[in-house]
Amino acid sequence: MGARNSVLRGKKADELEKIRLRPGGKKKYRLKHIVWAANELDRFGLAESLLESKEGCQKILTVLDPLVPTGSENLKSLFNTVCVIWCIHAEEKAKDTEEAKQKVQRHLVAETKTTEKMPSTSRPTAPPSGNGGNFPVQQVAGNYTHVPLSPRTLNAWVKLVEEKKFGAEVVPGFQALSEGCTPYDINQMLNCVGDHQAAMQIIREIINEEAADWDAQHPIPGPLPAGQLREPRGSDIAGTTSTVEEQIQWMFRPQNPVPVGSIYRRWIQIGLQKCVRMYNPTNILDIKQGPKEPFQSYVDRFYKSLRAEQTDPAVKNWMTQTLLVQNANPDCKLVLKGLGINPTLEEMLTACQGVGGPGQKARLMAEALKEAMAPAPIPFAAAQQRRTIKCWNCGKEGHSARQCRAPRRQGCWKCGKAGHIMAKCPERQAGFLGLGPWGKKPRNFPVAQIPQGLTPTAPPIDPVEDLLEKYMQQGKRQREQRERPYKEVTEDFLQLEKQETPCRETTEDLLHLNSLFGKDQ
């Protein structure tokens, strides 16, 4: 521990603790980072004493620099730490790790040239576009040579098949990875697929059918001279009866070249498209937007299913213009119909961006509540006859006394006097029952006229008492009539009938049931 701490001492240790781990970060380097770097050097067979000098750090960087692009996170962290230690030994001020790496790179380029490109190995790389053939076939000194596919390309193809499981993305992925390949390379890609052997068998059947069609359309011309290259058959294009050299010669011969690689790729694409339809049985007519599904998710599913459809581009265009709007949910369909005829996809996505979300539901709820809580419209005639409210406190119209903002009036609101309220005001009119509760008779009765020359010896009779006596006598007579038997009442009616004008039907007939039912009884 002590030896490792002796890598940086005094001012150098202080300089280390001022350098940040990341640009703009809070954490800074500590001595524990040097201890960790010394432990990691043992894994690469390097002595930890190399960290004590600038030259030693430069040797470490020379070893680690080629490994950084493909190295692990620990290797990259070790390289960064050594760069910081090198800057401290070289007295180069750095604020953070990135700045230290830049200074190390500039120094190595200027002095040791270690950051230049590593010398190319025996394996050729892809030529720039326009300078030669495609990547699997290279032109070296005027001759075409074959370069096998890299394991990385094969691994990418296998991962694509395993993850997408013959989705619509497999066909364009195969086209990108097999660009410029020979039938030999394409067969390598197909042989790397371990699972999905049912799909592989479908592809083999398609290859056999296409090879038979090729043989039928391109018959053998006849015997060829010795040393002349034969014409490819269907099995030659499939790579089963031809070598890589023959395939390259057919592809790049000066006269009548046959692109066997492109032809074989087209056969494979036909088989992959059949596999896509088999593994994705969903019809585009069944793609419909859910009631709560965002419009963008629905569009993604729609175009994914449309991509798997192997139809004419005109038919796909019709499906996009018709089915995309027709199969949307009612909320989005209402918005899309307002955009006019043939709107663009960008306009549809922008218009339906918030449809179906909580914000749109809240707006619809607010509009519904606003309509429900709105006052009912009053007809014009009823509005004209409507009485205006008058305040008892201030005497103004338009509000009630409960809503009045003026000071409260004291005393009775009717007469303005104190000592009572309006409900008990003596100046109020009498009700229809007569006198009020205070014992004062109403003043709207006519006064009896007294003849001239006569002086009454007694007080005049009150008209109210006379009317009350008359009503009492009339009620007494009605009670007596109700108590009399039926026979006496009938005799009274008969006597009244004899006194009056005779009519067609007598009272006795009226009292009999025959008056109701006629001759039926």
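Cβ atoms here come from the backbone N, Cα and C positions, even for glycine.
Among the features that Swiss-Prot reports, N-myristoyl glycine is placed at Gly2, with the record citing similarity to another entry.
In sequence order, the list of same-chain residues 6 or more apart from Ser150 (phosphoserine) whose Cβ falls under 8 Å from its Cβ is empty. Residues or ranges marked as phosphoserine by Swiss-Prot on the basis of similarity to another entry: Ser150.
Taken from Swiss-Prot, the feature region 'Interaction with Gp41' covers 7-31. Across the region 'Interaction with Gp41' (7-31), DSSP helix (H, G, I), strand (E, B) and coil residues number 7 helix, 2 strand, 16 coil.
The region 'Interaction with host CALM1' annotation in Swiss-Prot covers 8-43. Residues belonging to the region 'Interaction with host CALM1' (8-43) score a mean pLDDT of 85 in the model.
For the region 'Interaction with host AP3D1' (12-19), same-chain residues at least 6 beyond its ends with a Cβ under 8 Å from one of its own Cβ atoms are 28-31, 34, 84-85, 87-89, 94-97, 100. According to Swiss-Prot, the region 'Interaction with host AP3D1' annotation covers 12-19.
Long-range Cβ contacts of the region 'Interaction with membrane phosphatidylinositol 4,5-bisphosphate' (73-77) within its own chain (Cβ-Cβ under 8 Å, at least 6 residues beyond either end) map to 40, 64, 67. What Swiss-Prot lists as region 'Interaction with membrane phosphatidylinositol 4,5-bisphosphate' is 73-77.
Residues or ranges marked as region 'Disordered' in Swiss-Prot: 112-138.
Packing against the region 'Interaction with host PPIA/CYPA and NUP153' (191-228) from elsewhere in the chain are residues 154, 157-158, 161-162, 165-166, 234-235, 237-238, 263, 267-268, 270-272, 274-275, 278-279: each is 6 or more residues past its ends and has a CB under 8 Å from a CB in it. As annotated by Swiss-Prot, region 'Interaction with host PPIA/CYPA and NUP153' applies to 191-228, with the evidence given as similarity to another entry.
Annotated region 'PPIA/CYPA-binding loop' per Swiss-Prot: 219-226, in sequence order, evidence recorded as similarity to another entry.
The feature region 'Dimerization/Multimerization of capsid protein p24' is assigned by Swiss-Prot to 279-365.
Sequence annotations record features per position, and here Swiss-Prot assigns motif 'Nuclear export signal' to 16-22.
The motif 'Nuclear localization signal' feature in Swiss-Prot is assigned to 26-32; the stated evidence is similarity to another entry.
The annotation motif 'PTAP/PSAP motif' is assigned in Swiss-Prot to 456-459.
Positions annotated as zinc finger by Swiss-Prot, on the basis of sequence analysis: 389-406 (among others).
The zinc finger annotation in Swiss-Prot covers 410-427 (among others).
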Helix, strand or coil at Ser150 (phosphoserine) [DSSP, three-state]: coil
DSSP helix/strand/coil residue counts for the region 'PPIA/CYPA-binding loop' (219-226): 0 helix, 0 strand, 8 coil
DSSP helix/strand/coil residue counts for the region 'Dimerization/Multimerization of capsid protein p24' (279-365): 55 helix, 0 strand, 32 coil
Helix, strand and coil counts within the zinc finger (410-427) (DSSP): 3 helix, 0 strand, 15 coil
